[in-house]
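Heads up: the structure comes next, in structure tokens.
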Amino acid sequence: MQESKQLTPLMRQYNDIKSKNTDLIVFFRLGDFYEMFDSDAREASRILGIALTQRGGVPMCGVPYHAAANYISKIIKEGRKVGICEQVGTGEGKSKLFERKIVRVITPGTVIEDNMLQSNVSNYLVCVFTDKKGWGAAAIDVSTGEFWVTEQADDISLNGLSCMLAALNPAEILLDKITLDRVKSSMMIPGSVATTIVPREESSQIPSNWPSQSVWAGKKTALTCALTAIKYINVNEPGFKDLLIPFYKEISDYLALDENAVRTLELVSQNGARKGSLWHLLDFTVTPMGGRTLKNWILNPLLNLADIEKRQNCVSNFYDNPLAYEELKVILADISDIERIMSRVGTGNAGPRDLAGLARSLAVHGALKNWFDKYGAVVPYLKENILSKITVIEDLANLLNSAIEPNPPIKISDGGIIKQGFNAELDDLRNTKNNSSKTLAELCEREKAKTGISTLKVGFNSVFGYYIEVSKGQSGKVPFSYTRKQTLTNAERFITEELKEIEDKILHAEEKILRLETSLFDSVRKHLAEHIGVMRSFAKAIAELDVYSNLAHCAKVYKFTKPVIDESNILKAADLRHPVVEACLPLGSFVPNDIDLGGETQISVITGPNMGGKSVYLKQAAVLVILAQMGSFVPAASAHVGIVDKIMTRIGAQDAIAMGQSTFMVEMKETSHILASCTPKSLILLDEVGRGTSTFDGISIAWAITEFLYKPHGGGAKVLFATHYFELTDLENKYKGIKNFHAEVQEYKDADGQSKIAFLYKIKEGAGDKSYGIHVGELAGLPATVIVRAKKVIKDLEAKKGTSVSKKEDDIVGDLFSSPIVEEIKLVNTDAVTPMQALQMILEWKKRINS
């Protein structure tokens, strides 16, 4: 950076502003461009892919102000904040600079513009603080007005926080240094999420429009989070302060899905994209609010049986009334994003097209009322909710319909927003502007008739404005009401009061029209803002209507059935399918499977080759639970789902390179978390646990984990354990609640007499006996020379050992588990051992085995 004395006045002004806003990329207004300088320019150039230039040795780049929103959006998506620095006043004298200041700060969590947001994705700002034993949080989507708080005072491991963040996928997180240090090691905040260090706003002063003091009793951390978040928002978007009212959300009312489960089950994304996820498959919603609500339901399945049945019954009613869905879909298609429009209305940022969209949305009130008259029994509680607001909706619809043009320009300053007939003064001004020639001609004819001056005419020049001109010969007929304005050689020019009024109207009509239109538009907007609570409630009800009808439609399209839901520990389904995988395959080619857990079987050990369908089997069990507990029908011929409190997964390999952790270390940490957190109501999915180390280490760990999870007399979590360790099948003989299954494979000879296999994708009861690894390699396209060599090596090994490799390993492991070590394992009180102690025991046993 240049020395201060070498800087131009403009750059000194910029540096002064930037020094006070070091965390922002400053969009510095210069005429028709926003310019960025120095480090901001370098970063913006990289993010935006625009040219980096120099002026006076200072790096700079710029974007047109009228297209700034697109560029700001790209920067926000990178997790950065933008400060809009505008010219707010003119300098004194020609040499003086424009006065400039930051007029708005846009952060990833405070965006409200549609073109910076995804229509069907919530945009959360989350504030999190931890204390000695737990944590509190506030979650706000300023674009919709959603605002809730929660607290878990007894979650020292922060498991609940991890699940909450996984479900929210926040755009921005506020925390203090203490909290950051605690959550950093757990990797629960992705690197792409913007994080801001803020001080805690601890105050006993609760805003008057918030819930009363009693709601916050014992929830000090949650209240602190709420106050801190509001203070942060108020700095960046002052208009929101009085529009955001929190409610308390008990997250223990929802099925817990941690980040691993959300990611590996591909609930809302697959490899970062929405396509290929469960959400994408299920989303036939018509409104943006419906799309966001559907995603929220997928990530937050319910635990309360009555609430689940309430949703399920609404879906079932739509399922039984397909015409109700078809007719509702037509109505909902005209509804815009009411939630986000109303947030912009409340802050005074709603534009003409926002109100035009709102007008179209509210115009459905008549059709919606008729629909409820016809199909109200389908969703009785929503009927009452929506119809109670119909009078207000109708009044607002009438206001918008009479006031706002249906296809207005983007900006208020472009004019043409207010409808003809809404305001008499505006109509008069427009008539004056549009009919000025006609008005002047009519005046001229009236004055000729009144005065009898046949040569009278009306004219205009830039010096004197409008005038009435009379020839010298007829000037004697001019009435006393005329005021002389100019004398010419052959004529006299006059002005009258009426002509003055017409002149004023014509010359100032455009300015007055714009000023009056702006005032009228603002008046309509303020009137709408008075009903923001009703409108948000209406939008929420519309979203639920959309989702209920959508889920019924999915049930028809994908041939889902209504499951039995209860408080039991049963997880049972006949002909269960994975709906996303099924949708990717040719019609009718997906192979369904049965599942039966929680009765006689607590743990299913599933063996078989890669590509045999084990992982899909695990995932479809989880999808079954999620769909059932969100109130949906399920992809099975029949299903019985006892409510599950947590779905915990250890599926797939993932290095934590940034944390210096190997695949195996990540696997062990995730497994340790599962062992420490599961309950008898949990569903655990384990896929190839232990494979990241040596064979004996892996077998030992997998064996010990299975024993740790096993609880006699139905006291343990439901577990599906897919493994290549065939040795684990011995556990079925030792424990009554463990049962073996295998992925079925068909062996056959091809035309050349070569052994081949076909995957049948059927999960059958009983243990598998081969891994078919070489066959899988062949199917995957390994070079023929590699396959031939592998077959020769395994034959040589089997010949050398005098038995098959797999049989020999079975014998070794059999010896291992008949040794004194197994007696020690039997004596371990698994209820009293922590996951870390269990792993230490395993390492000790390993040392003794190797010695």
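Every residue gets a Cβ built from N, Cα and C, even glycine.
Noted in Swiss-Prot for the protein shown:
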- GLY608, PRO609, ASN610, MET611, GLY612, GLY613, LYS614, SER615: ATP binding site (BINDING)
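Location within the structure of each feature annotated in Swiss-Prot.
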{"residue": "GLY608", "record": "ATP binding site", "Cβ contacts under 8 Å, 6 or more apart": "LYS614, HIS742, ALA743, GLU744, VAL745, GLY768"}
{"residue": "GLY612", "record": "ATP binding site", "Cβ contacts under 8 Å, 6 or more apart": "ALA743, GLU744, VAL745, PHE759, TYR761"}
{"residue": "GLY613", "record": "ATP binding site", "Cβ contacts under 8 Å, 6 or more apart": "VAL591, ASN593, ALA743, PHE759, TYR761, LYS762, ILE763"}
{"residue": "SER615", "record": "ATP binding site", "Cβ contacts under 8 Å, 6 or more apart": "ILE651, ASP687, ALA722"}
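The 10 Å shell around the Cβ of PRO609 (ATP binding site) contains 21 further Cβ atoms across the protein chains shown. Those residues of the chain, other than GLY608, PRO609, ASN610, MET611, GLY612, GLY613, LYS614, SER615, with a C-beta within 8 angstroms of the mean position of the ATP site C-beta atoms are ALA722, ALA743, PHE759. Cβ neighbour count for MET611 (ATP binding site): 17 (other Cβ atoms within 10 Å of its Cβ, all protein chains included). In the three-state DSSP classification, PRO609 (ATP binding site) falls within coil. When Cβ neighbours within 10 Å are tallied across all protein chains shown, the highest count among the binding-site residues ASN610, LYS614 belongs to LYS614.
In the three-state DSSP assignment, the secondary structure recorded for LYS614 (ATP binding site) is helix.
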